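Student: Supplied in C-alpha coordinates, the structure appears directly below.
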(Lines of atoms letter the chains of each structure in order from A and count residues from 1; the text may use other names and numbers.)
(Lines give C-alpha, C1' and ligand atoms only; values in the text may rest on other atoms or scores of the structure.)
Protein backbone atom coordinates (compact mmCIF):
# COMPACT_ATOMS: atom_id res chain seq x y z
CA UNK A 1 0.00 0.00 0.00
CA UNK A 2 1.10 3.54 -0.70
CA UNK A 3 2.77 4.97 2.47
CA UNK A 4 0.82 8.23 2.15
CA UNK A 5 -2.48 6.35 1.94
CA UNK A 6 -1.46 4.16 4.87
CA UNK A 7 -0.68 7.29 6.91
CA UNK A 8 -4.08 8.78 6.06
CA UNK A 9 -5.88 5.65 7.22
CA UNK A 10 -3.91 5.51 10.50
CA UNK A 11 -4.61 9.20 11.19
CA UNK A 12 -8.30 8.59 10.44
CA UNK A 13 -8.33 5.73 12.96
CA UNK A 14 -6.82 7.97 15.61
CA UNK A 15 -9.25 10.78 14.73
CA UNK A 16 -12.33 8.55 14.83
CA UNK A 17 -11.34 7.00 18.16
CA UNK A 18 -10.58 10.42 19.66
CA UNK A 19 -13.93 11.82 18.51
CA UNK A 20 -15.86 8.91 20.02
CA UNK A 21 -14.12 8.74 23.40
CA UNK A 22 -14.19 12.54 23.92
CA UNK A 23 -17.76 13.27 22.81
CA UNK A 24 -20.84 13.78 24.97
CA UNK A 25 -23.30 13.88 22.06
CA UNK A 26 -24.57 10.72 20.41
CA UNK A 27 -24.21 12.08 16.87
CA UNK A 28 -20.52 12.86 17.42
CA UNK A 29 -19.94 9.42 18.93
CA UNK A 30 -21.66 7.83 15.93
CA UNK A 31 -19.53 9.92 13.57
CA UNK A 32 -16.34 8.69 15.21
CA UNK A 33 -17.49 5.09 14.92
CA UNK A 34 -18.20 5.56 11.20
CA UNK A 35 -14.79 7.15 10.58
CA UNK A 36 -13.16 4.19 12.30
CA UNK A 37 -15.09 1.69 10.20
CA UNK A 38 -14.24 3.38 6.90
CA UNK A 39 -10.56 3.78 7.85
CA UNK A 40 -9.95 0.14 8.81
CA UNK A 41 -11.56 -1.36 5.69
CA UNK A 42 -8.64 -0.60 3.30
CA UNK A 43 -6.19 -1.99 5.88
CA UNK A 44 -8.14 -5.27 5.99
CA UNK A 45 -8.40 -5.64 2.22
CA UNK A 46 -4.97 -4.27 1.19
CA UNK A 47 -3.66 -7.73 0.21
CA UNK A 48 -6.42 -8.05 -2.46
CA UNK A 49 -6.79 -11.73 -1.58
CA UNK A 50 -10.37 -13.09 -1.88
CA UNK A 51 -10.35 -13.98 1.82
CA UNK A 52 -9.31 -10.41 2.69
CA UNK A 53 -12.07 -8.95 0.52
CA UNK A 54 -14.56 -11.30 2.18
CA UNK A 55 -13.32 -10.23 5.63
CA UNK A 56 -13.65 -6.56 4.72
CA UNK A 57 -17.19 -7.10 3.42
CA UNK A 58 -18.26 -8.97 6.56
CA UNK A 59 -16.71 -6.31 8.77
CA UNK A 60 -18.41 -3.48 6.88
CA UNK A 61 -21.87 -5.06 6.97
CA UNK A 62 -21.65 -5.92 10.66
CA UNK A 63 -20.29 -2.54 11.75
CA UNK A 64 -22.78 -0.65 9.59
CA UNK A 65 -25.66 -2.56 11.20
CA UNK A 66 -24.25 -1.92 14.69
CA UNK A 67 -23.76 1.80 13.99
CA UNK A 68 -27.34 1.99 12.72
CA UNK A 69 -28.56 0.45 15.98
CA UNK A 70 -26.48 2.96 17.98
CA UNK A 71 -28.07 5.83 16.06
CA UNK A 72 -31.54 4.33 16.39
CA UNK A 73 -31.04 3.85 20.13
CA UNK A 74 -29.94 7.45 20.64
CA UNK A 75 -32.83 8.77 18.54
CA UNK A 76 -35.34 6.69 20.50
CA UNK A 77 -33.93 8.00 23.77
CA UNK A 78 -33.99 11.59 22.48
CA UNK A 79 -37.59 11.15 21.32
CA UNK A 80 -38.75 10.12 24.81
CA UNK A 81 -36.45 12.22 27.03
CA UNK A 82 -35.30 15.12 24.85
CA UNK A 83 -31.65 14.36 25.74
CA UNK A 84 -28.78 13.68 23.31
CA UNK A 85 -26.23 13.38 26.12
CA UNK A 86 -24.53 9.97 26.21
CA UNK A 87 -24.72 9.72 29.99
CA UNK A 88 -28.48 10.47 29.97
CA UNK A 89 -29.55 7.18 28.41
CA UNK A 90 -32.59 6.35 30.53
CA UNK A 91 -35.23 4.81 28.25
CA UNK A 92 -35.35 0.99 28.74
CA UNK A 93 -35.80 0.16 25.04
CA UNK A 94 -32.91 2.44 24.12
CA UNK A 95 -30.70 0.71 26.69
CA UNK A 96 -31.60 -2.70 25.26
CA UNK A 97 -30.89 -1.64 21.66
CA UNK A 98 -27.61 0.03 22.65
CA UNK A 99 -26.45 -3.09 24.51
CA UNK A 100 -27.13 -5.17 21.39
CA UNK A 101 -25.30 -2.65 19.18
CA UNK A 102 -22.21 -2.54 21.38
CA UNK A 103 -22.22 -6.33 21.70
CA UNK A 104 -22.26 -6.53 17.90
CA UNK A 105 -19.40 -4.05 17.58
CA UNK A 106 -17.28 -5.84 20.18
CA UNK A 107 -18.07 -9.35 18.99
CA UNK A 108 -19.82 -10.56 22.12
CA UNK A 109 -21.92 -13.72 21.96
CA UNK A 110 -24.39 -14.12 20.22
CA UNK A 111 -23.05 -11.47 17.77
CA UNK A 112 -19.57 -13.00 17.58
CA UNK A 113 -19.67 -14.94 14.29
CA UNK A 114 -18.07 -12.18 12.20
CA UNK A 115 -15.01 -11.61 14.37
CA UNK A 116 -12.99 -14.87 13.88
CA UNK A 117 -13.59 -14.79 10.12
CA UNK A 118 -12.55 -11.14 9.82
CA UNK A 119 -9.45 -11.68 11.93
CA UNK A 120 -8.52 -14.77 9.90
CA UNK A 121 -8.68 -12.79 6.65
CA UNK A 122 -6.64 -9.83 7.94
CA UNK A 123 -2.87 -9.32 8.21
CA UNK A 124 -1.39 -9.69 11.67
CA UNK A 125 -0.90 -5.96 12.29
CA UNK A 126 -4.46 -5.22 11.13
CA UNK A 127 -5.63 -8.08 13.35
CA UNK A 128 -3.87 -6.40 16.25
CA UNK A 129 -5.80 -3.18 15.53
CA UNK A 130 -9.09 -5.09 15.31
CA UNK A 131 -8.44 -6.92 18.59
CA UNK A 132 -7.35 -3.92 20.64
CA UNK A 133 -7.59 -0.40 19.21
CA UNK A 134 -10.91 -0.85 17.41
CA UNK A 135 -12.56 -2.10 20.59
CA UNK A 136 -11.70 1.02 22.57
CA UNK A 137 -14.58 3.25 21.27
CA UNK A 138 -17.36 0.68 21.95
CA UNK A 139 -15.94 -0.08 25.39
CA UNK A 140 -15.84 3.67 26.09
CA UNK A 141 -19.53 3.96 25.18
CA UNK A 142 -20.25 0.97 27.41
CA UNK A 143 -18.26 2.67 30.20
CA UNK A 144 -20.19 5.96 29.89
CA UNK A 145 -23.60 4.28 29.81
CA UNK A 146 -22.88 1.50 32.31
CA UNK A 147 -25.07 3.05 35.01
CA UNK A 148 -28.16 2.75 32.77
CA UNK A 149 -27.67 -0.75 31.35
CA UNK A 150 -29.35 -3.95 32.47
CA UNK A 151 -27.05 -5.96 34.79
CA UNK A 152 -28.78 -9.29 34.12
CA UNK A 153 -28.44 -8.89 30.34
CA UNK A 154 -24.76 -7.95 30.53
CA UNK A 155 -24.02 -10.82 32.91
CA UNK A 156 -25.73 -13.26 30.52
CA UNK A 157 -23.72 -11.94 27.56
CA UNK A 158 -20.52 -12.17 29.61
CA UNK A 159 -21.09 -15.78 30.67
CA UNK A 160 -22.01 -16.84 27.13
CA UNK A 161 -18.96 -15.06 25.70
CA UNK A 162 -16.60 -16.68 28.20
CA UNK A 163 -18.10 -20.12 27.55
CA UNK A 164 -18.26 -20.01 23.76
CA UNK A 165 -14.96 -18.14 23.44
CA UNK A 166 -13.21 -20.99 25.20
CA UNK A 167 -15.27 -23.80 23.70
CA UNK A 168 -15.02 -22.74 20.05
CA UNK A 169 -11.29 -22.12 20.30
CA UNK A 170 -10.51 -25.69 21.34
CA UNK A 171 -10.52 -27.18 17.85
CA UNK A 172 -8.64 -24.42 16.02
CA UNK A 173 -5.22 -24.69 14.36
CA UNK A 174 -5.08 -21.15 12.92
CA UNK A 175 -3.46 -18.83 15.45
CA UNK A 176 -5.47 -15.79 14.38
CA UNK A 177 -8.73 -17.63 15.01
CA UNK A 178 -7.44 -18.81 18.39
CA UNK A 179 -6.62 -15.22 19.33
CA UNK A 180 -10.06 -14.12 18.09
CA UNK A 181 -11.83 -16.56 20.42
CA UNK A 182 -9.41 -15.49 23.14
CA UNK A 183 -10.59 -11.91 22.61
CA UNK A 184 -14.24 -12.99 22.89
CA UNK A 185 -13.49 -14.78 26.16
CA UNK A 186 -11.66 -11.76 27.62
CA UNK A 187 -14.48 -9.45 26.59
CA UNK A 188 -16.76 -11.60 28.75
CA UNK A 189 -14.64 -10.75 31.78
CA UNK A 190 -14.80 -7.03 30.96
CA UNK A 191 -18.55 -7.08 30.39
CA UNK A 192 -19.42 -8.83 33.65
CA UNK A 193 -17.68 -6.20 35.79
CA UNK A 194 -18.30 -2.97 33.88
CA UNK A 195 -21.51 -2.09 35.77
CA UNK A 196 -20.10 -2.71 39.24
CA UNK A 197 -16.58 -1.32 38.73
CA UNK A 198 -16.07 0.37 35.33
CA UNK A 199 -12.48 1.38 36.08
CA UNK A 200 -11.59 -2.26 36.71
CA UNK A 201 -13.05 -3.16 33.30
CA UNK A 202 -10.82 -0.52 31.69
CA UNK A 203 -7.79 -1.87 33.58
CA UNK A 204 -8.62 -5.32 32.25
CA UNK A 205 -8.85 -3.94 28.72
CA UNK A 206 -5.54 -2.08 28.93
CA UNK A 207 -3.66 -5.12 30.22
CA UNK A 208 -5.34 -7.35 27.63
CA UNK A 209 -4.37 -4.91 24.87
CA UNK A 210 -0.72 -4.89 25.99
CA UNK A 211 -0.51 -8.69 26.21
CA UNK A 212 -2.23 -9.15 22.86
CA UNK A 213 0.05 -6.55 21.27
CA UNK A 214 3.12 -8.40 22.49
CA UNK A 215 1.83 -11.68 21.01
CA UNK A 216 0.79 -10.20 17.67
CA UNK A 217 4.07 -8.32 17.27
CA UNK A 218 6.04 -11.46 18.10
CA UNK A 219 4.05 -13.58 15.65
CA UNK A 220 4.43 -10.91 12.96
CA UNK A 221 8.18 -10.81 13.53
CA UNK A 222 8.48 -14.58 13.22
CA UNK A 223 5.89 -14.79 10.38
CA UNK A 224 3.83 -17.42 12.23
CA UNK A 225 0.18 -18.04 11.31
CA UNK A 226 -0.42 -21.72 12.17
CA UNK A 227 0.44 -24.12 14.97
CA UNK A 228 2.60 -26.19 12.63
CA UNK A 229 4.65 -23.10 11.77
CA UNK A 230 4.91 -22.17 15.45
CA UNK A 231 6.58 -25.52 16.16
CA UNK A 232 9.58 -24.56 14.00
CA UNK A 233 9.69 -20.85 14.84
CA UNK A 234 12.43 -21.12 17.50
CA UNK A 235 15.09 -21.41 14.78
CA UNK A 236 14.36 -17.83 13.73
CA UNK A 237 14.70 -15.95 17.02
CA UNK A 238 15.11 -18.32 20.01
CA UNK A 239 14.98 -15.63 22.79
CA UNK A 240 11.83 -14.10 21.34
CA UNK A 241 10.22 -17.54 21.17
CA UNK A 242 10.89 -18.01 24.89
CA UNK A 243 9.29 -14.63 25.63
CA UNK A 244 6.27 -15.63 23.51
CA UNK A 245 5.82 -18.62 25.83
CA UNK A 246 5.61 -16.34 28.88
CA UNK A 247 3.30 -13.87 27.10
CA UNK A 248 0.90 -16.69 26.19
CA UNK A 249 0.83 -17.95 29.77
CA UNK A 250 0.25 -14.38 30.96
CA UNK A 251 -2.69 -14.00 28.56
CA UNK A 252 -4.03 -17.28 29.94
CA UNK A 253 -4.13 -15.69 33.39
CA UNK A 254 -1.68 -17.96 35.19
CA UNK A 255 -0.17 -16.53 38.39
CA UNK A 256 2.18 -14.80 39.04
CA UNK A 257 2.13 -13.28 35.54
CA UNK A 258 0.36 -10.05 34.61
CA UNK A 259 -2.77 -11.63 33.14
CA UNK A 260 -3.75 -13.07 36.52
CA UNK A 261 -4.10 -9.61 38.10
CA UNK A 262 -7.33 -8.40 36.40
CA UNK A 263 -9.05 -11.77 36.80
CA UNK A 264 -8.18 -11.85 40.48
CA UNK A 265 -9.51 -8.31 40.99
CA UNK A 266 -12.70 -9.08 39.04
CA UNK A 267 -13.40 -12.21 41.09
CA UNK A 268 -12.79 -10.21 44.27
CA UNK A 269 -15.16 -7.42 43.15
CA UNK A 270 -17.90 -9.87 42.12
CA UNK A 271 -17.65 -11.52 45.52
CA UNK A 272 -18.08 -8.12 47.19
CA UNK A 273 -21.22 -7.56 45.11
CA UNK A 274 -22.74 -10.84 46.42
CA UNK A 275 -22.18 -12.50 43.04
CA UNK A 276 -20.02 -15.39 44.19
CA UNK A 277 -21.90 -17.95 41.99
CA UNK A 278 -21.27 -15.79 38.90
CA UNK A 279 -17.60 -15.41 39.82
CA UNK A 280 -17.28 -19.18 40.29
CA UNK A 281 -19.04 -19.94 37.01
CA UNK A 282 -17.00 -17.52 34.93
CA UNK A 283 -13.79 -18.78 36.54
CA UNK A 284 -14.65 -22.38 35.68
CA UNK A 285 -15.60 -21.43 32.12
CA UNK A 286 -12.26 -19.69 31.65
CA UNK A 287 -10.61 -23.10 32.07
CA UNK A 288 -11.86 -23.90 28.56
CA UNK A 289 -9.80 -21.10 27.06
CA UNK A 290 -6.88 -22.08 29.29
CA UNK A 291 -6.60 -25.30 27.26
CA UNK A 292 -5.74 -23.65 23.95
CA UNK A 293 -3.41 -21.18 25.66
CA UNK A 294 -1.51 -24.10 27.14
CA UNK A 295 -1.53 -25.83 23.74
CA UNK A 296 -0.02 -22.73 22.13
CA UNK A 297 2.55 -22.51 24.90
CA UNK A 298 3.31 -26.22 24.48
CA UNK A 299 3.88 -25.79 20.73
CA UNK A 300 6.22 -22.93 21.59
CA UNK A 301 8.09 -24.75 24.37
CA UNK A 302 8.40 -28.22 22.84
CA UNK A 303 10.74 -26.91 20.13
CA UNK A 304 12.99 -24.84 22.34
CA UNK A 305 16.56 -26.16 22.59
CA UNK A 306 17.63 -28.85 23.33
CA UNK A 307 14.43 -30.35 21.82
CA UNK A 308 14.21 -30.91 18.07
CA UNK A 309 11.38 -31.51 15.63
CA UNK A 310 10.95 -33.46 12.42
CA UNK A 311 9.88 -30.33 10.56
CA UNK A 312 12.17 -28.38 8.29
CA UNK A 313 14.00 -25.65 10.17
CA UNK A 314 13.45 -22.12 8.94
CA UNK A 315 15.90 -19.31 8.32
CA UNK A 316 16.49 -16.77 11.04
CA UNK A 317 14.72 -13.46 10.71
CA UNK A 318 16.75 -10.30 10.18
CA UNK A 319 14.42 -7.50 11.18
CA UNK A 320 16.06 -5.72 14.13
CA UNK A 321 13.42 -3.01 14.46
CA UNK A 322 10.43 -5.34 14.67
CA UNK A 323 12.38 -7.72 16.91
CA UNK A 324 13.20 -4.92 19.36
CA UNK A 325 9.58 -3.73 19.40
CA UNK A 326 8.31 -7.23 20.11
CA UNK A 327 10.95 -7.85 22.80
CA UNK A 328 10.29 -4.55 24.60
CA UNK A 329 6.51 -5.03 24.50
CA UNK A 330 6.75 -8.58 25.83
CA UNK A 331 9.14 -7.56 28.63
CA UNK A 332 6.82 -4.71 29.60
CA UNK A 333 3.88 -7.09 29.89
CA UNK A 334 5.83 -9.57 32.01
CA UNK A 335 7.24 -6.90 34.35
CA UNK A 336 4.00 -4.96 35.00
CA UNK A 337 3.19 -6.47 38.45
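Quick reminder: no glycine exception, Cβ is built from N, Cα and C everywhere.
Just so you know, TrEMBL annotations never went through curation; they're auto-generated.
Quick paste from TrEMBL:
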type     : residues : note
TRANSMEM : 5-21     : transmembrane segment
DOMAIN   : 23-288   : domain 'NADH:quinone oxidoreductase/Mrp antiporter transmembrane'
TRANSMEM : 56-76    : transmembrane segment
TRANSMEM : 96-115   : transmembrane segment
TRANSMEM : 152-171  : transmembrane segment
TRANSMEM : 178-196  : transmembrane segment
TRANSMEM : 202-219  : transmembrane segment
TRANSMEM : 240-258  : transmembrane segment
TRANSMEM : 278-298  : transmembrane segment
DOMAIN   : 290-337  : domain 'NADH dehydrogenase subunit 2 C-terminal'
TRANSMEM : 319-336  : transmembrane segment
Student: Count the Cβ pairs between the transmembrane segment (178-196) and the transmembrane segment (56-76) that lie under 8 angstroms and are 6 or more residues apart in sequence, then report whether there are at least 3.
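Tutor: Taking Cβ pairs at least 6 residues apart, the transmembrane segment (56-76) and the transmembrane segment (178-196) are not in contact, as fewer than 3 fall under 8 Å.
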Student: Any idea what the model's mean pLDDT is for the domain 'NADH dehydrogenase subunit 2 C-terminal' (290-337)?
Tutor: 58
